[in-house]
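Q: Here it is, the structure in full.
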Amino acid sequence: MATLVIADYHTHTHTHTHTHTGSAVLAPATLNTLAAARQIGGDVHLLLAGSGLGQLAEQACGIDGVARVVLVDDPAYDHLLAENLSALVVQLAPCYSHVLAPATAMGRDCLPRIAALLDVDAVSDVIAVIDDETFQRPIYAGNAIATVRCEGPVKVLGIRPTAFDPVSAEGGNAELERRNGAGDLALASWQGEERPDFERPALESARVIVAGGRGLQTEEGFAALYPLADRLHGAVGASLAAVDAGFAPAELQIGQSGRIVAPELYLAVGISGAVQHVAGMKDAKVIAAINLDPDAPIFEIADYGLQGDLFELLPALMLELDSALG
């Protein structure tokens, strides 16, 4: 029995030409997914697909618990486009009992396609491994847990990163295997990307998240969260209501249909606490909330709460932080 984990990674891209600079790093969620793979048992292999990943592959050989790093050095897999990457995984799948990927944008895009091509079931958002055929995942916006048994020849699993502690990036001694790819299917091509002009931690890896909701009333009101997040060296998130209202871009959305996060501190500002939002942040270590409504559901799960006008409380909070942090 062996498990293949599809690595998610980030590359630095030249803004104007959209070409790689040769520097790539594993997405933190990959280490969490490897932890789930180790719980399944058997050998764990890590797939790295794309061009210019030789240095990253050598580093990955040092990850604790990885028996083999499979490197497919082919530009057809740059940017992890689902059409090409799925074809590659299907080509490799007969050698594996399980195929795992983190429940990131890459995993959510690829795994359903892989499962369909293999004619097997896919299980998304796995939060616990019972045995090599039985897994748990949240349903009903996290209000219930389903136990799912997979009996197909290959188990295709999307792993919720926040549910598993990451493995160590050091201490391993995996072998490096170079493989040929399945080729460019020419079904999709990379056209480019736009990145924000600020440097804040990614939501999934941020220790502190300051999130805003409809209570901020306007895009300008929402913008008041950015200096607060920067003061705390944190990331900025948003509720679905704030995104739908145009206060924040969709990539900041936290919740069942957005990002799933588990920071050390989650500060919810003007967020009522809808079930679908809570499903994305309830695993935060400490939850603090600011809301005008004393009966807002967010206070039911908050460790600390401030009830009052957030437009008065936010400036006061910034002054206290400036005084405390210097």
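Keep in mind that glycine also has a Cβ here, set from the backbone N, Cα and C atoms.
Got these off TrEMBL a minute ago, pasting:
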type: BINDING; residues: R214, 253-257, 270-277, N291; note: FAD binding site
type: DOMAIN; residues: 15-194; note: domain 'Electron transfer flavoprotein alpha/beta-subunit N-terminal'
Q: Does anything in the same chain, at least 6 positions from G270 (FAD binding site), have a Cβ under 8 Å from its Cβ, and if so what?
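A: The answer is G212, G213, R214, G215, L216, Q217, A242, I290, N291, L292, L310.
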Q: Among the binding-site residues listed here (Q256, S272, Q276, N291), identify the one with the smallest other-Cβ count within 10 Å.
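A: Comparing Cβ neighbour counts within 10 Å for the binding-site residues Q256, S272, Q276, N291 gives Q276.
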Q: Would you count the other CB atoms within 10 A of the CB of A274 (FAD binding site), including those on all shown protein chains?
A: 18
Q: I'd like the number of other C-beta atoms within 10 A of the C-beta of R214 (FAD binding site), please.
A: 20
Q: Give the mean pLDDT for the domain 'Electron transfer flavoprotein alpha/beta-subunit N-terminal' (15-194) on the 0 to 100 scale.
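A: Mean per-residue confidence for the domain 'Electron transfer flavoprotein alpha/beta-subunit N-terminal' (15-194): 91 out of 100.
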Q: Taking the Cβ of I254 (FAD binding site) as the centre, count every other Cβ atom within 10 Å, in any protein chain shown.
A: 28
Q: Hey, does DSSP put G270 (FAD binding site) in a helix, a strand, or just coil?
A: coil
